[in-house]
Amino acid sequence: MESRLPKPSGLKKPQMPIKTVLPTDRIRAGLGGGAAGAGAFNVNANQTYCGNLLPPLSRDLNNLPQVLERRGGGARAASPEPMKLGHRAKLRRSRSACDINELRGNKRTAAAPSLPSIPSKVSRLGGALTVSSQRLVRPAAPSSITATAVKRPPVTRPAPRAAGGAAAKKPAGTGAAASSGAAAAAPKRIAPYDFKARFHDLLEKHKVLKTKYEKQTEDMGELESMPQQLEETQNKLIETESSLKNTQSDNECLQRQVKQHTAKIETITSTLGRTKEELSELQAIHEKVKTEHAALSTEVVHLRQRTEELLRCNEQQAAELETCKEQLFQSNMERKELHNTVMDLRGNIRVFCRIRPPLESEENRMCCTWTYHDESTVELQSIDAQAKSKMGQQIFSFDQVFHPLSSQSDIFEMVSPLIQSALDGYNICIFAYGQTGSGKTYTMDGVPESVGVIPRTVDLLFDSIRGYRNLGWEYEIKATFLEIYNEVLYDLLSNEQKDMEIRMAKNNKNDIYVSNITEETVLDPNHLRHLMHTAKMNRATASTAGNERSSRSHAVTKLELIGRHAEKQEISVGSINLVDLAGSESPKTSTRMTETKNINRSLSELTNVILALLQKQDHIPYRNSKLTHLLMPSLGGNSKTLMFINVSPFQDCFQESVKSLRFAASVNSCKMTKAKRNRYLNNSVANSSTQSNNSGSFDK
């Protein structure tokens, strides 16, 4: 006979202080091992257990939920619908009223947590706060010998949800089968009168619950340290946030740096692209140059071979060139000797006669009869019958006769061999003699349209010097200009009044020089022409009966030529004296008596010197006048002399023309000693330098 326990609704609730924490784990542990057919019950979140004391059985029974569902065992089948409070008659008394394994709680809405999230170490206690969303499952019935079912705390499992959001219900058709299966597997119930077995069962449950309670107490102790851990966690969070801000600022800096580096990388990339393009171009150029280098290398090999051949040929040609230079030098020396031999055969003193043509303003003047038999003979006859019968036929022979139609170039062509002798180291003297207005200055100087002997000599000298430079000769030209006016010497290159005298050279009795004279080293033809123009402007001239601008002094231009051959250590010294004599004039017709007397006296002394040389007298009166003293080396010394005799073609000049022609004929018949070449070799170089440095030296 089954005994029935008092109805749970009749039990009173305990009046003890209630804690705010629900020990759901205790219930969950007791209900966790229920069978598949075990039910669940709804747990009110406000229901709690007392402190550390376990409630008695009656209190446990009084704390049962108001809504219970009885699952039958054996042949009893449980109703699929939950029981309601109003149907108390339907509640069947179980075999063990204390068996709470058959209890199943209803779901409730979980309250929102009031605390922030907690660390993972207390996550296992989270079920206490979210128990409303879980369901209690009855553990499987134990199979003890006494067939006493041990009540265990319920185990929380996630509550299944139906499609409509409510708990899923079993279909009605399967309820009987499930009840029959559960009845077959259900444990044997304790008899209501077996208080000992029930006591042992409750004692065993008490031990289990006590163990779980102790465990929950430990867990609660751990939960008490959670606020401190939370504060520490919040501090760590603040530190982490500060570190995060710093990291973010660092990240921003790094991002800016990344942008800068990205820009740099882009720039470098573009530069790299251009560099690659340039590299490709340079590689193409390199390949081209390499190809050219290979071709040039081959060419270099051939050129080296060719160079070696040319070097050998050059050595041979150099030896031949030295031989040719020596032969050329010797040939040049032979040419000089032969040239001057021919000049000596022609005579050391030569006379050229020139008859000037009448000017346009002189067409009304009567001319004498001039007959040219050949190039060296001229016949002069007067148109006056009385003079013609008295003087008879006048025939004169000279080295060369120039008729009025002869040009300046024709005359200089006969003079140029003497200029060549001066370059070879000989002393040359060229002077013009004749009456006033006979054309002496025109022959020596000329006019800009038709230059005379002196300007042409300058051009020939510098042209010849350039040619001699190829033969190894270097020449230096020194020039002096002076005039003899009224037997006084004047320097035409200086406006100062100087005391100038003609003196004998110490090392050579045949040489003379003029003291205190200005000597200029000529660098080019223009420089020499400038000096000649200065001298011409300083020369004394005056208007006479025979010439509007007559030279009233004897002008002497001296050019000293010093040639040096460095290889042969040879020095050649030559000189050219170009003399423009003043015109002779009858004192009776002259208005300048003193000038005329001095001019005629110097010309008369020149005639006496020529006659003394012609008669080979022991004493030659060179010192009787400044002119003859200055021309002493040219007349009787080491010199080649050329005299121009200039005559006028007019009848009124017939007497003076005859006198001039006779004087020239007497000069042409003179025999002078052979001129010697001024040549210095080796040790004589120093001596020649000393001689050439004598101030204004004439005719070395």
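Start at 1 and count along the chain as shown; that gives each residue its number.
Keep in mind that glycine also has a Cβ here, set from the backbone N, Cα and C atoms.
Taken from Swiss-Prot, the feature phosphoserine applies to S94 (among others), supported by experimental evidence.
The annotation phosphoserine is assigned in Swiss-Prot to S96 (among others).
Positions annotated as region 'Disordered' by Swiss-Prot: 141-185 (among others).
What Swiss-Prot lists as compositional bias 'Low complexity' is 149-185.
The coiled coil (196-346) scores a mean pLDDT of 89 in the predicted structure. What Swiss-Prot records for 196-346 is coiled coil, and it gives sequence analysis as the kind of evidence.
What Swiss-Prot lists as domain 'Kinesin motor' is 348-670, and the listing cites sequence analysis.
The ATP binding site annotation in Swiss-Prot covers G434, Q435, T436, G437, S438, G439, K440, T441. Counting every protein chain shown, 28 other Cβ atoms lie within 10 Å of the Cβ of S438 (ATP binding site).
For the region 'Required for minus-end directionality' (664-668), the DSSP-based tally of helix, strand and coil residues reads 5 helix, 0 strand, 0 coil. What Swiss-Prot records for 664-668 is region 'Required for minus-end directionality'.
Marked as region 'Disordered' by Swiss-Prot: 681-700 (among others).
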DSSP three-state assignment (helix, strand or coil) for G437 (ATP binding site): coil
Site of maximum Cβ density within 10 Å, from binding-site residues Q435, T441: T441
Fewest-neighbour residue among binding-site residues, criterion Cβ within 10 Å, set G434, G437: G437
